[in-house]
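Peer 1: This is the structure, below, for whatever I ask next.
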Amino acid sequence: MDINEKKIEQQRVDEVVSKLADKIDDTQAEYDRAHDETKRVQQSYSSNTSVNYFEVDDRIETSAELQQQRGLVSRLTENESILETQLETYKQLKKSPYFGRIDITEPGDDDAEKLYIGTASFQDKSGEFLVYDWRAPISSIYYNGTLGDVEYETPMGMQKANLKKKRQFQINDGEIRNMFDTNETVGDELLQSALGNQNDEYMQNIVATIQHEQNDIIRDTKSDLLVVQGVAGSGKTSAILQRIAFLLYHSRDTLEADQIILFSPNRLFSHYISEVLPSLGERNMRQVTFAEFISNRLKGLRVQSLFERYEVDDTRSDAELKVRQEKEAGNFMDAITSYCDQLTPEQIEFSNIGFNGEAFFTKSEIRKVFASFPAALKTADKFTKTKNALIKQLRRRIDDETSADWVNDEIDEMSNERYHDLLEGKKLGDFQDESAERFYIARQIVTNRLQSVYDAIFNNNFVDPYLQYRDFISQYSAFTSATESEWAEQIKEFMNRIELHRIDLDDAAPLLYLRDYMCGGGQNNTMKYLFIDEMQDYSIAQLKYLKYAFPQTKWTLLGDSEQALFKEVETPKQLLDRLNSSFKTRHSRLISLLKSYRSTYPITTFAKSILPNGDDIEAFQRDGELPELVITDNLNESFDQLVKVVTKQQQEFGTVAILVKNVEEANQVYEKLHSHVDTTLLKDADRTLPKGVLVIPIYLAKGLEFDSVIAWDVSEKNYPNDNYTGTLYTIFTRAMHSLTMISVGKVTPIITQETLQTNQIKIDHTISYD
Ligand SMILES: Nc1ncnc2c1ncn2[C@@H]1O[C@H](COP(=O)(O)OP(=O)(O)OP(=O)(O)O)[C@@H](O)[C@H]1O
């Protein structure tokens, strides 16, 4: 490109950077002022709380004043945090103000307008946009349009324009490192350079290089159910994160970050992606793993995690697997719905509500209340009415108790502070006289004492969901592929686990659904968007439960049917058919991503060769070494080779991940390795991903990537059949730059002779790195 052109662009960058510097100074001053103000109010707030509370009037006035002050402090803090975010955004922009430029003409106007696009928008004092946010409607031209006539969507409808030029920049610390004009979505040069970098502790945002098909996912605002089937490394996770940032911008008046929930595969992954949204000036959405979410709702029970389940999967009997398959199907959940709809009072497993070791409400009292409502009402409505009736009875008993001696004694001995706390929210004039106030306080005391009874009613603890689930299964079992005795055995096991306060993953979603649907609870109506990454790891029953739990959400499901661990690979079509028959949504859309960006060309080419439909996957053209396969005669030799490979890889790469099948293997490899090389063994509970040499069971490495991957023991013994294709594929595709496989003896049949002969990999029997 013309040297002069680059000079002109650098001048513009300098101007923008200088204006940003001014803006940073102004915002910093404003922030400092806001901070001082908050501090001042907070100080006067704490001195106000120490006034004396002896006189009734004073007491009540203080309470009202305090509330007002609390409101003021929270408004000031909010203002302060807005300024802080702005400051952070301007500082980021100053380093790299933009990455793209588009020159467009509007219909009827021949003068081309130059628009610069960056991670956030920036206006000068006159209000002129020096940088457009990448999410602004007009910026979509940068991602979608090729030169010529283009259209972009605005709140007022589609607009036309003519795209004259598209230019890309790489700007670091205010210096243009690279710039070129392109007609593509985003030219390969920039992408090459982004992908050539070494792996980082945190995932990076990709806004400068978003690809056309990824842009479709990011900017979709119409679908209620958006399903993305994307091959490994195709940018699914990246796309969801930029999508969240886009939605927060697009619906900024109506959508908050905590109305978005992302179900992620594991905690390491949560940490790995945690910086993407802040780097775009947005707050993180809520993030949770499915096991965490379920455990929260089943307090008191230890829910089996997906990892624990993988660990015991090999030991499951056929009967267990058959029953499990039934429990994971959509039909099972549908049957729960009908079962609950038809329950009679006699069939419901009520239990006593206790207090101080005695029954406060007996189950027969509760059943009687329940049965008093019209049979035609929905079961959940009858539950709500039952709860209201019980709460009414509880209130009456509270009123009766307020004049008890113990209550009077407690008031007399109460400190002023406590008295004041109990008066919280009351205003001057709310009480007629002192005895009314005393009655109010007495009521508060008894209410607090009986809080556990109230909680038990509120939380539906007057029904035993486990016995109810057992009853449901005993009715359901007759109509399934498993025999009644097979079911009976599983129910027994289920009840045994409950005794030990444990529950298997496949029982958790149906049990919760039964409890919540029957009692009419467990729904979150404020959440607006739900994202599920690695959707292939969810059963339809689990998805159905989430659909019930978040009825008002739009769904984005992402996954790769080929990366299903420890089960046969399901074709995308099969997976989608299952989803479609369960999610009867009005606007659903399927987007397929077939291009893989993460790994080098040779790694992707090899990895896809083990898949039945691998030919559909397109490898991004990035050079690298051929994957290497080391075959040894025995375990000891394999460990020796492992040490050599690790030592060599370490010289070149920041992270070397040894990916293994399960915890047992992880321990074994770690034990052998750590005396030779500094090694970290990663466990389920780990939340951060260190650099260096790591040993990780594959299910913990889902969604992650590493500079160099060593696939441990890819032998026939370890991966005997097609059930492991998805597992191996997931392992291979974690590698960004280098992949080495070590096999103790004969290689797994998943890597076929044909693959081995087609010269896409380097095979060594005994390799030496001397
Ligand atoms: N448009 C892009 N620009 C730059 N980098 C990209 C782009 N798309 C994807 N990448 C990079 O490719 C790698 C894989 O992306 P990501 O993890 O989002 O893929 P994925 O489909 O979720 O993968 P998997 O299913 O294998 O976990 C990441 O390093 C990501 O930064």
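Cβ coordinates are placed from backbone N, Cα and C, and glycine is handled just like the others.
Automated prediction, rather than curation, is the source of TrEMBL annotations.
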Peer 1: When TrEMBL marks a stretch as coiled coil, which of 17-44, 157-184 is it?
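Peer 2: Residues 17-44 are the ones TrEMBL records as coiled coil.
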Peer 1: Going by a 10 angstroms cut-off between Cβ atoms, which of the binding-site residues G233, G235 has the sparsest surroundings?
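Peer 2: If we count Cβ atoms within 10 Å for the binding-site residues G233, G235, the smallest count is at G235.
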Peer 1: As a test of the contact definition, list every same-chain residue at least 6 positions from K236 (ATP binding site) whose Cβ is closer than 8 Å to its Cβ.
Peer 2: V228, G230, D533, L558, G559, D560, L593
Peer 1: Within 10 Å of the Cβ of G230 (ATP binding site), how many other Cβ atoms are there?
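Peer 2: Taking all protein chains shown, G230 (ATP binding site) has 23 Cβ neighbours within 10 Å.
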Peer 1: To which of the binding-site residues V231, A232 does the lowest count of other Cβ atoms within 10 Å belong?
Peer 2: A232
Peer 1: What binding-site residues among V231, G233, S234 have a C-beta sitting less than 6 Å from any atom of ligand 1?
Peer 2: G233, S234
Peer 1: Cβ within 8 angstroms of the Cβ centroid of G230, V231, A232, G233, S234, G235, K236, T237: which residues besides those meet this for the ATP site?
Peer 2: D560, L593, S596, Y597, R598
Peer 1: With Cβ-Cβ distance below 8 Å and at least 6 positions apart along the chain, what are the contacts of T237 (ATP binding site)? List them in sequence order.
Peer 2: M203, I273, D533, L558, G703
